[in-house]
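Engineer: Take this structure, written in structure tokens, and hold onto it; I'll ask about it next.
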Amino acid sequence: MGQAFRKLFDRFFGPVEMRIYVVDSLDRERIGKAKEEFQAIIRDPFMLNSIILVFANKQDLLHNLKNNYFFLVQRGVMTPMEISEGLGLYNLRNRTWHVQGTCALSGDGLYEGLDWLVTALKELQVSGRH
């Protein structure tokens, strides 16, 4: 599946590197581990010019008011800004990246993230930097 998806992008955009990374917004305890893995991926020499889309999953829990559950998860759910900080994205130089809040169960945010990715890839193609 991933290889077929990559071939589709190559056909339309040429050999452009991009990465989609998914983070559990509720798992504050493991954001450090997620950062280590993420940084290892993007430091790979083949990834130096890659466009990065991060899906911050479970954003729906930030707004869940059922049975006062909101107050229980409010401290736990990280915002896209907190995930950007947690992964070290603000320290990246000369990299194109975006964090999109999502809810995988309902699909909220998925299309917006992919739309951003397509736009970023088109801009990269037009600029001739790929």
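Note: Cβ is positioned from N, Cα and C throughout, glycine not excepted.
Please treat TrEMBL annotations as automatic predictions, because they have not gone through curation.
TrEMBL lists these features:
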- Asn57, Lys58, Gln59, Asp60: GTP binding site (BINDING)
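Can you tell me where each of these features sits in this structure?
Structural biologist: Long-range Cβ proximity for Lys58 (GTP binding site), meaning a same-chain Cβ under 8 A and a gap of 6 or more residues, is found for Asp24, Ser25, Leu26, Val77, Cys103, Ala104.
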Engineer: Only counting partners 6 or more residues apart, tell me which same-chain residues put their Cβ under 8 Å from the Cβ of Asp60 (GTP binding site).
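Structural biologist: Those within reach of Asp60 (GTP binding site), by Cβ under 8 Å and sequence separation of 6 or more, are Cys103, Leu105, Ser106, Asp108.
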Engineer: Just to be sure I understand the packing, how many Cβ atoms besides its own are within 10 Å of the Cβ of Asn57 (GTP binding site)?
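Structural biologist: By my count, 22.
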